[in-house]
Amino acid sequence: MAPSADMTSLPLGVKVEDSAFGKPAGGGSGQAPGAAAATAAAMGADEEGAKPKVSPSLLPFSVEALMADHRKPGAKESSLAASESAQAAGGLAQPLGVPPGSLGAPDAPSSPRPLGHFSVGGLLKLPEDALVKAESPEKPERTPWMQSPRFSPPPARRLSPPACTLRKHKTNRKPRTPFTTAQLLALERKFRQKQYLSIAERAEFSSSLSLTETQVKIWFQNRRAKAKRLQEAELEKLKMAAKPMLPPAAFGLSFPLGGPAAVAAAAGASLYGASGPFQRAALPVAPVGLYTAHVGYSMYHLT
């Protein structure tokens with residue numbers, strides 16, 4: 001709306017002709033009232049164009065909305081509703097403890113809002129019953145985010161019983177042959193005579209015992225393996241019995257008492273003992289040839 005001619009008049013009774021707007025550009029003293037009104041209308045239009053225009057389509061979190069100094073009341077309410085809806089939906093659109101309208105309009109006074117559980121004020125104002133964990137299992141303390149199905153722990157899976165680790169036999173395994181006492185005695189007697197049977201001897205011996213050749217063959221194989229194990233056990237026992245209880249020369253001297261080593265040791269002791277300020281009695285030297293043999297286990301039999 002363009003201003004009228006009465007609105008453009010200056011206060012204190014100053015006429016339009018005497019003001020700067022009424023003077024012509026060439027220094028003339030008079031100007032028509034219509035021209036003055038047109039000039040004032042043009043300047044009013046320029047002032048309105050110079051004012052920043054806020055686009056109604058700005059987002060509440062855009063750079064233009066944050067940098068704008070003047071916001072409309074409707075825009076503030078819309079930004080507040082948008083921020084609250086975003087916080088209720090995801091909880092990540094706005095930092096904790098920050099009022100919803102502070103991001104959209106920095107100079108707008110923020111309305112008081114209830115303190116959250118994780119804000120500083122909320123932690124300070126929580127009662128002691130909420131801070132201390134409930135001891136009774138009937139009423140466990142659970143926060144709202146823990147009650148959400150998104151944060152609920154998955155149900156515990158039941159562990160399946162371990163598989164059986166027993167050895168599985170072949171399905172086509174033949175049953176064990178039940179030998180009679182007479183058959184076992186005959187097989188043992190034949191094994192002591194000869195451990196390896198030829199094909200003809202095995203066929204004749206198996207027919208005499210009413211057994212198959214395969215049964216006689218397998219029995220001889222098992223009997224030879226058993227005899228080998230018994231023989232190895234007997235050899236191990238003989239080796240253990242042959243070993244002495246004490247290792248040789250463990251406690252005996254490995255050098256002769258009357259040898260050159262004893263003579264040299266006695267000579268050195270007498271040499272250094274006589275030269276020192278404190279003389280010590282030299283050890284008696286055994287005559288050469290006495291106890292020339294190495295002293296081993298025989299030293300225990302000396303009387």
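Glycine too: its Cβ is placed from the backbone N, Cα and C atoms.
Feature list (source: Swiss-Prot):
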{"type": "CROSSLNK", "residues": "Lys15", "note": "SUMO cross-link"}
{"type": "COMPBIAS", "residues": "32-44", "note": "compositional bias 'Low complexity'"}
{"type": "COMPBIAS", "residues": "77-101", "note": "compositional bias 'Low complexity'"}
{"type": "CROSSLNK", "residues": "Lys133", "note": "SUMO cross-link"}
{"type": "COMPBIAS", "residues": "133-142", "note": "compositional bias 'Basic and acidic residues'"}
{"type": "DNA_BIND", "residues": "172-231", "note": "DNA-binding region"}
Write out how many residues of the DNA-binding region (172-231) are helix, how many strand and how many coil, based on DSSP.
42 helix, 0 strand, 18 coil
Could you pull the average pLDDT for the DNA-binding region (172-231)?
92
